[in-house]
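These notes concern the structure reproduced below.
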């Protein structure tokens, strides 16, 4: 994709060229039919080519003088088309798509290659006249060579085209002041962002004299905050995870909702039967991809997908594609005892239960009592008979019960991977969250490790996952656990897709085996941002029989963190003012409930 | 969590017998995978014995649910079946009613079963017996009580009620707040 993107950005087609291309697309079928019989219709082909070429001379010439500056539009298109997804079609479809893609690509590069050396047309025609059966092969070879040469030249030109005059992208101080007065001009901000990204990608050649990389980055971050509505802190945090252009893709992807997906409940039905019934109800769907046998992607539906008789009968559950992954990594076996430490609303728990075919035992825990309601609802609706739902702080394990074969910890997190689902994350997350949440996650993960039976014949596995992409909540937590519990190691997650976890990030170095963990981004796989790590417990530790509950663990972790200077006194303190407001509100509400007017004076 | 007292067992079984009759014995006697009834707060759960044993390590106020919920005891000591018991009821059902696709949605919205919607019906249903309602694809949709015997329903008006609804799977949405805790 990288190459394609570069090609395109180097010499973007103007409006006319774009229209021309469109026209050509309509011509494409004709061209295709000419392709297969290569040797014989060589003359014909070159003729049609020269025809096109002629047309091009008329249209394309004027374009060349006006090197256009409507870069952003082109870039957008490119982003969209280049987006890889998890939701590939069946293999044929995918292949089909590829073909089309390639065609298009050929088309474009051909076009550009041809748009330039127009003079070759006359030669072509001359040569055609002395064409006969003997020299046909040589002739077609020569044609091929010419073509290759042209393509090469075109490429060269594209590369050189990138070296445009060093455009002034950053606004001056006065301009910035002016901007502050006026309301936000969305298109100009967008254009500027894309231009800055371009400069950052090739800083040596495109940067303005006397401007530093930091200046560009700050401006870009400011624009990102304005345009997408992130808080500065979060924008910076997310931006640092990616290269500039990838970060832009990521921010763009967060503005688009992920596809609706459902999971077949294999306890009650099969995917094929379910798909058939739903199609009969007017639902347009398709298998998610080759990597899962139970997922279906919903395109559109004439009936509410969360209220069909099949839904009520528990034949499927609405579940994001990304939350299949940790369960697939967990790989539950029949007759095991498994714990899901943060289970609500039960998508993963029911998947575990289904994979175990209702044998063994699944503990579904959630710390939030209100959320256990939806958890129970889903468990009962999907007919999972081997579950126990409990409402503990998960740090209480293994005091409650230990010795599990497998544990899934889908930890509570900041939700930076699901910004598309929950916009409030953009503003609400602060620096404090990125200390507090990992602090809790570390304790949870240690509890999970201690609750697993290392001697389990089939398991001894812990899977840690979050729907966040921040390193603090993922690699850092996993690395911490590896340091604190030498009796666990990371193992292959067994997932076919995903990017490797970071082994070093901004000066921090993690354990080498962190490359076995998996990261998922919205812009690369079109799933929610996600992280999965799979541990195997190799031996028992002294902590396995710990009788300490959540409070003791919290105190221990806190003193440790304070020693390291990570947290300070203000960590998780009560804020009296805020509390007073809330207390007042509650009092008022309870008075109203009793029928007393809270505003009335006594 | 505790097992049911004799009296409670009697009440529960009487209710169950309405729907599955003598098939209750299959619920209790399952030598390969023994199951038990457990009472937690006011709810009755049916669960395999091994799972019930694991659940003993969870304290009473933290245990929210286990296995399959069959129903709850009302404050007056009666037992009320919940829709969550449907998989077992449907498996051992004595009397069945199948409703046509056009009757599915009205039933799932909480209406009684009308004569016009009946696709098939068991032959020997007496009056006021527990029946399980299925869709034509044999998907259990709910349960109820027959209004008339099978023979009498033959000469009824299309708009007449064949079975009074007692529970339907639409409750998973309608009663979400009260059904589970």
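For all residues, glycine too, the Cβ spot is worked out from N, Cα and C.
Keep in mind the model is a prediction, meaning the values are calculated, not measured.
Sequence annotations record features per position, and here TrEMBL assigns region 'Disordered' to A:1-165.
Residues annotated as compositional bias 'Basic and acidic residues' in TrEMBL: A:18-33 (among others).
The compositional bias 'Basic and acidic residues' annotation in TrEMBL covers A:48-64 (among others).
Taken from TrEMBL, the feature compositional bias 'Acidic residues' applies to A:65-78 (among others).
Per TrEMBL, compositional bias 'Acidic residues' is recorded for A:88-111 (among others).
Residues annotated as compositional bias 'Acidic residues' in TrEMBL: A:120-129 (among others).
Per TrEMBL, the feature compositional bias 'Acidic residues' maps to A:144-156 (among others).
Under the heading domain 'SAM-dependent MTase RsmB/NOP-type', TrEMBL lists A:250-538. Summarised as a single figure, the pLDDT of the domain 'SAM-dependent MTase RsmB/NOP-type' (A:250-538) averages 93.
In the three-state DSSP reading, residue A:348 (S-adenosyl-L-methionine binding site) counts as helix. Positions annotated as S-adenosyl-L-methionine binding site by TrEMBL: A:342, A:343, A:344, A:345, A:346, A:347, A:348, A:366, A:393, A:410.
The DSSP secondary structure for residue A:467 (active site, nucleophile) is coil. The feature active site, nucleophile is assigned by TrEMBL to A:467.
For residue A:393 (S-adenosyl-L-methionine binding site) paired with residue A:467 (active site, nucleophile), the C-alpha to C-alpha distance reads 20 Å.
For the pair residue A:346 (S-adenosyl-L-methionine binding site) and residue A:467 (active site, nucleophile), the C-alpha distance works out to 15 angstrom. Taking a C-beta cut-off of under 8 angstroms and a sequence separation of 6 or more, residue A:344 (S-adenosyl-L-methionine binding site) has the following same-chain neighbours: A:366, A:368, A:371, A:372, A:374, A:375. Counting other CB atoms no more than 10 Å from each candidate's CB, the recorded positions A:342, A:467 peak at A:467. Within 10 Å of the C-beta of residue A:348 (S-adenosyl-L-methionine binding site) we count 25 further C-beta atoms, all protein chains included. Between the binding-site residues A:346, A:393, A:346 has the most other Cβ atoms inside 10 Å of its own Cβ, all protein chains included. Using a Cβ-Cβ cut-off of under 8 Å to chain B, none of the binding-site residues A:342, A:348, A:393 qualifies. The binding residues for S-adenosyl-L-methionine are recorded as A:342, A:343, A:344, A:345, A:346, A:347, A:348, A:366, A:393, A:410; their greatest pairwise CA distance is 20 Å. Secondary structure at residue A:342 (S-adenosyl-L-methionine binding site), as computed by DSSP, is coil. Residue A:467 (active site, nucleophile) and residue A:342 (S-adenosyl-L-methionine binding site) are 13 Å apart (CA-CA, integer value).
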